[in-house]
Amino acid sequence: MSSHSVLSPVVGTDAPDQHLELKKPQELKEMERLPLANEDKTMSANLKYLSLGILVFQTTSLVLTMRYSRTLKEEGPRYLSSTAVVVAELLKIMACILLVYKESKCSLRALNRVLHDEILNKPMETLKLAIPSGIYTLQNNLLYVALSNLDAATYQVTYQLKILTTALFSVSMLSKKLGVYQWLSLVILMTGVAFVQWPSDSQLDSKELSAGSQFVGLMAVLTACFSSGFAGVYFEKILKETKQSVWIRNIQLGFFGSIFGLMGVYIYDGELVSKNGFFQGYNRLTWIVVVLQALGGLVIAAVIKYADNILKGFATSLSIILSTLISYFWLQDFVPTSVFFLGAILVITATFLYGYDPKPAGNPTKA
């Protein structure tokens, strides 16, 4: 009896302990999922804002260096913008292949299989990228035209009209719904750009001397705004409808972009290339511009992946302040006015207003 009395409590207490231990793995899994989900959300938010920050830096640097390279007076022929676009596309392809190679665990066999399966074996999916690729190629050439005729600050602010075109294409093509604050921010943005384009006294005095170049630059920017809005939303639509890697998509874009770019070189600059060579006028500054332009495609792809096109456009508008300051102090081709500053402030205000997401007031008493 004594032995039974000693063993009974042990048996009685062992059963529930075993039952609890059976539940522990499931409970631990549930507990582990919560921090992992929070970490994923935090990581996603960090990647979104990191990509947007890099885009602001890349956009500002590209505009300023491109403007400087197109206005710098040097001996000999100037580099051809059409060839710079082609080289940037080729560099983008090489960078994306390296990224796919890294995702394939640094295996050449795996890389070859991925490229073969995702590009060669899916010709219709690849051909879908021909449309945005051709538009992007046109846009990249227009940027050189615009920055050859407009100062960096005015170009930067005017180019933000692509936010409006992107929003309209997003609503029509992606059925994206914009809130009241987002529509209000677009109106404020348009007002700010209008103030920036308001001519100053110095511009009125020199209107006869610079009207032609100003008009060419403005037309180039407006055309680029519409092409950027449509191509960006079209590319986003393709990315969201398929499961292909964004880097594979950029390889496809770069392939068609190189073809369209070479066609442009042959049509517009064929004689100059045959006379002075494909890389005529290239120097260290030219290669910096080319690399920044190639990097822009990758950064934009990352922004589209982690954010959206409209947010990408607003992030780009943040570079206006940097472009204005550097254009004034370094390039010395722009004198800001009070009207310009008012317009820039409105654009930045629209940026933060777009990101404002008011939470609906809920009833805490209801479950």
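A Cβ is built for glycine as well, from the same backbone N, Cα and C atoms used for every other residue.
Since the structure is predicted, the reported quantities are computational estimates derived from the model, not experimental observations.
Under the heading transmembrane segment, TrEMBL lists 49-68 (among others).
The feature transmembrane segment is assigned by TrEMBL to 80-101 (among others).
The transmembrane segment annotation in TrEMBL covers 178-196 (among others).
For 216-235 (among others), the entry in TrEMBL reads transmembrane segment.
What TrEMBL records for 247-267 (among others) is transmembrane segment. Long-range contacts of the transmembrane segment (247-267) within its own chain (CB-CB distance under 8 A, at least 6 residues past either end) are made by residues 80, 82-83, 85-86, 89-90, 92-93, 96-97, 99-100, 103, 114-115, 118-119, 126, 129-130, 132-134, 136-138, 141, 235, 238-239, 273, 278, 297-298, 301.
Look at TrEMBL and you will find 287-307 (among others) tagged as transmembrane segment.
The annotation transmembrane segment is assigned in TrEMBL to 314-331 (among others).
Residues or ranges marked as transmembrane segment by TrEMBL: 337-356 (among others).
Through the fold, the transmembrane segment (216-235) approaches residues 129, 131-132, 135-136, 138-139, 142-143, 145-150, 155, 158-159, 161-162, 164-170, 173-174, 197, 249, 253, 300, 304, 309, 312 of its own chain, all at least 6 residues removed from its boundaries and within a Cβ separation under 8 Å.
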